[in-house]
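Here Swiss-Prot flags 298-361 as domain 'WWE 1'. Taken from Swiss-Prot, the feature domain 'PARP catalytic' covers 484-698, and the record attributes it to sequence analysis. The phosphoserine annotation in Swiss-Prot covers 258, and the record cites a large-scale study or a structure entry as its basis. Residues annotated as ADP-ribosylcysteine in Swiss-Prot: 474. The ADP-ribosyl aspartic acid annotation in Swiss-Prot covers 600, 611. The annotation region 'Disordered' is assigned in Swiss-Prot to 234-268. The feature zinc finger is assigned by Swiss-Prot to 94-119, 150-179, 180-202, 270-297, 271-296.
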């Protein structure tokens with residue numbers, strides 16, 4: 001089944017089930033029998049699904065719930081006695097009251113000026129564009145209710161504050177908004193049945209307001225679920241979520257809201273929307289197993305066509321225009337063979353009547369300096385003449401800001417990180433004698449004395465296809481001294497690439513590795529130990545070590561040698577590109593979604609998969625840093641208590657006696673040794689075997 005068809009079936013199953021299902025139940029109900037991995041890859045479909053973590057009942061573990069999401073809305077300009085939309089929008093022309101259950105005008109014996117049909121040419125075109133033309137009317141209404149905020153009556157915020165039967169609401173019973181507990185609707189009310197706020201849509205006060213809108217009794221009974229779904233979708237789609245997503249948050253798909261600001265979730269989505277840096281350098285060892293996008297440029301422009309993302313033509317010209325903050329929209333075509341052009345709106349990220357998106361490589365501030373073809377984001381502010389000024393740039397008529405684009409980008413990424421608090425939403429800086437605050441939510445900078453605001457813009461630095469070719473062929477080196485270990489073979493340092501050096505069983509280096517392995521696996525026989533020499537990975541690891549040491553006030557970083565079991569088919573890919581838990585297999589997720597490393601080889605042996613009696617295991621060098629007990633829902637270490645932007649470095653199974661470490665940032669790991677061992681066919685007696693037997697017997701005396 002084509003992917004668009006599978007996406008359509010998942011959407012239909014969810015909408016038929018009330019808009020959301022637990023992940024295992026969703027998989028069970030699908031007709032095509034998707035594997036768990038295939039379903040999770042499918043759920044990365046941008047804008048089609050949201051995965052939320054909801055607390056289980058009583059002592060039950062948290063549950064991953066999949067929700068049907070969509071940018072589809074009712075056209076507000078079409079509503080009312082004088083519909084004002086001429087049909088150029090990408091939204092449904094449908095009577096709002098019909099969606100509620102029954103048109104109040106028809107019930108009163110009057111004519112309704114709004115459309116009551118989904119089969120008009122306009123509506124059918126909109127449904128096909130959004131890939132939902134196969135849904136039934138009820139399924140479509142469910143999708144609209146939990147995604148279109150205009151359809152849901154507003155909850156009175158004043159009612160949810162203060163004491164008294166109506167909280168602090170001055171209108172009391174005359175209030176046109178619903179008086180109901182907002183925390184109940186979010187699934188977060190800790191008071192339950194003892195809550196002083198109403199949890200009932202059917203009480204006389206709320207029911208009267210809902211019936212005036214024409215809501216059916218069936219719809220009223222479903223409102224708690226609808227509001228809960230809408231809350232989770234909004235929380236995931238328009239703000240840095242405090243509920244960890246299903247996938248690790250590092251994607252860089254560019255999506256914007258109507259104000260022109262980048263939605264924070266664009267930095268917190270899965271890496272499946274991120275272009276693979278190794279593929280651009282023609283060196284991705286994971287190949288078709290890589291979870292990132294493989295493309296020949298560090299950017300990719302696409303539009304949504306019938307639920308599937310398609311490439312736009314002339315991406316280089318689009319990218320060049322987008323990199324200019326003065327340009328808000330351009331005309332472009334979807335392919336060279338078509339004569340039809342549509343407007344690509346950079347602020348709204350729309351292409352004609354449908355959605356558009358920009359995929360890109362990782363932000364340059366998240367990678368070491370020598371990584372090529374990362375995305376350099378430039379931050380601008382609009383001056384009093386409407387000209388865009390780059391942060392930190394000298395040589396202009398304006399005072400130089402005390403923060404650069406790089407500083408702003410780092411702060412913005414911290415704000416977009418799941419778990420960041422409200423303090424991370426702003427960045428204070430100076431320019432001349434004035435103090436300012438940059439607000440990442442509103443995308444404005446504010447003068448803290450006069451209160452004046454200026455627009456803020458974030459655009460990438462342009463990289464042409466010729467620039468890509470040049471950077472691919474140039475031998476970019478790390479700007480700093482090489483510090484390879486003195487025991488490495490300096491004649492075996494391919495750059496790029498790696499080489500494995502087989503260690504002599506009589507060497508001290510071999511014995512150190514063997515002793516660590518033998519401590520918990522004394523009856524397993526080591527066939528070979530190889531040292532991995534990858535100059536690029538080693539330099540990245542040393543750079544990461546330096547960064548962590550700076551953040552630690554100059555103190556040494558806790559560095560350990562830990563084991564990681566894997567399948568032999570992934571060994572070369574790991575040696576080339578480091579560990580990636582999405583590709584190399586999951587070692588459980590009890591303490592977070594990351595790469596698992598163990599103090600004991602016996603633990604890692606359980607994950608050393610092999611069809612023969614020969615197994616493979618890594619002994620890695622790991623920067624564990626400061627750690628905290630992990631949790632299955634973590635997609636990165638949590639923030640330190642009392643800090644807004646300071647996070648732990650790793651998660652463990654026990655803080656007092658850790659034996660399992662979860663690493664979320666692969667630069668904290670270097671795959672130092674590959675151990676090949678067997679569970680049978682005892683080899684001839686060697687000094688290492690005698691040493692093993694001697695240590696074993698002495699430990700039993």
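Quick reminder: no glycine exception, Cβ is built from N, Cα and C everywhere.
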Local Cβ density at residue 600 (ADP-ribosyl aspartic acid) - other Cβ atoms counted within 10 Å: 16
Residue 611 (ADP-ribosyl aspartic acid) to residue 600 (ADP-ribosyl aspartic acid) - Cα separation in whole Å: 23
C-beta crowding around residue 611 (ADP-ribosyl aspartic acid), within 10 angstroms: 7
PLDDT averaged over the residues of the domain 'PARP catalytic' (484-698): 85
